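Step one of this worksheet: look at the structure below.
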Amino acid sequence: MLDVKVLRQDLEEVKRRLAHRNEDISALDQFVEVDEKRREVIQEAEALKNKRNTVSEQVAVMKRNKENADHLIAEMKEVNERIKALDEELRQLDEQLEFILLSLPNLPHESTPIGTTEDDNVIAWTWGEPRAFDFEIKPHWELASQAGILDFETAAKVTGSRFVFYKGLGARLERALMNFMMDLHSNEHGYEEVIPPFIVNRTSMTGTGQLPKFEEDAFKIEGPDYFLIPTAEVPVTNMHRDEIMDGADLPRYYTAFSACFRSEAGSAGRDTRGLIRQHQFNKVELVKFVKPEESYDELDKLVKNAEKVLQLLGLPYRVLSMCTGDLGFTAAKKFDIEVWIPSGDTYREISSCSNFEDFQARRANIRFRRDTKSKPEFVHTLNGSGLAIGRTVAAILENYQEADGAIVIPEVLRPYMGGVDKIAPK
């Protein structure tokens, strides 16, 4: 949520920065209209309440003097009815104002490249060289089928499209990656390990920015107002909702394993095969709560933490600085990490690392005090994938494939695989 004071005091600057997102910003004009009406209602209500107080004193004096005050009492009855109506109008205007504020995206940071589509994203750097194969490259779903480690057909029968059964060494590889990532982030990068609920309430989804704008993308549970989480960012960030944190405890780092659930609305016909775009997938998430002046240094560290996973796995990747038109609703600055997928001769996203500044903190009311005498301030929140496990499996299968269809297990994972160094086709 944007700072209301900034909207009121520097609206043109807000319009300028939001215009770079290539989105409809007419809600800003609605904000001005509703905010002005709200101020008028407050002024009228306060004037009437002051009048009521004054007249009440007059009525008391007249009654003590045994004078007739019926005309003033009748007038005050009308005033009270008007105040009641104004209070209800103010409540409705506050609801409208909150809805408008919740619908406005974050302001892009000045260092975010200006652009309209993914074609305007800037390659910041690359790591590793894509392997030169001397045989025909197979996509990961073919390799997995030959090895009997992924079963999309049975998952389609049991549930539907965009689901998968991991079997045998495939299930072990998924679990090995989860343990490897969690160990790396908790033991070497200083994150506290968390396994959160996979179901959250509406307030939590609103706090991190998924609602109200993207409700159609979420899996809603019938009955109670619950949602399956699209990412562990939602429950982990909301751990500190409505809290005032101790500044001495910042920064706070959390790493969380969870299943993630995405409806993939608008993705019909895209990535219909394999692990790249699933309705359910596992992910290790990185979440930070930091002081405002430290958040961009912390973003750099966050990206490096996610990169380290790919470096240890020996998977080539590149890092993109996302442009204003491809930034996402909540981020002020975002880097995407894309891993090399040989069968597509392309890089595919495997992590997004974002600085939300105080955007989520305002929505979720997450604050901190620098010391006991200081006023509470909003924290800055950050999050990134560390990594999406299914896409990491796909990248390993394709980058480590051999001519006979076998898949070599990256050396760093072998202790987590019980010493298994290769998955052979059946």
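Cβ from N, Cα, C; glycine included.
In the record from Swiss-Prot, residues T231, A232, E233, E285 bind L-serine; the candidate from S111, S374, S385 listed for the same site is S385. Counting in whole angstrom, S263 (ATP binding site) lies 12 from T231 (L-serine binding site) by their C-alpha atoms. Using the Cβ center of T231, A232, E233, E285, S385 for L-serine, the list of other same-chain residues with Cβ within 8 Å runs, in sequence order, V234, V236, A256, S258, C260, K283, V284, L286, V287, N383, G384.
For T231 (L-serine binding site), the same-chain residues lying six or more positions away in sequence with a CB closer than 8 A to its CB are S258, C260, K283, E285, N383, S385.
The binding residues for L-serine are recorded as T231, A232, E233, E285, S385; their greatest pairwise CA distance is 9 Å.
Our reading of the ATP binding annotation (R262, S263, E264, E349, I350, S351, S352) yields a largest Cα to Cα distance of 19 angstrom. Straight-line distance linking the Cα atoms of E264 (ATP binding site) and A232 (L-serine binding site), rounded to a whole number, equals 17 Å. Cα-Cα distance from E233 (L-serine binding site) to S352 (ATP binding site): 12 Å (rounded to the nearest whole number).
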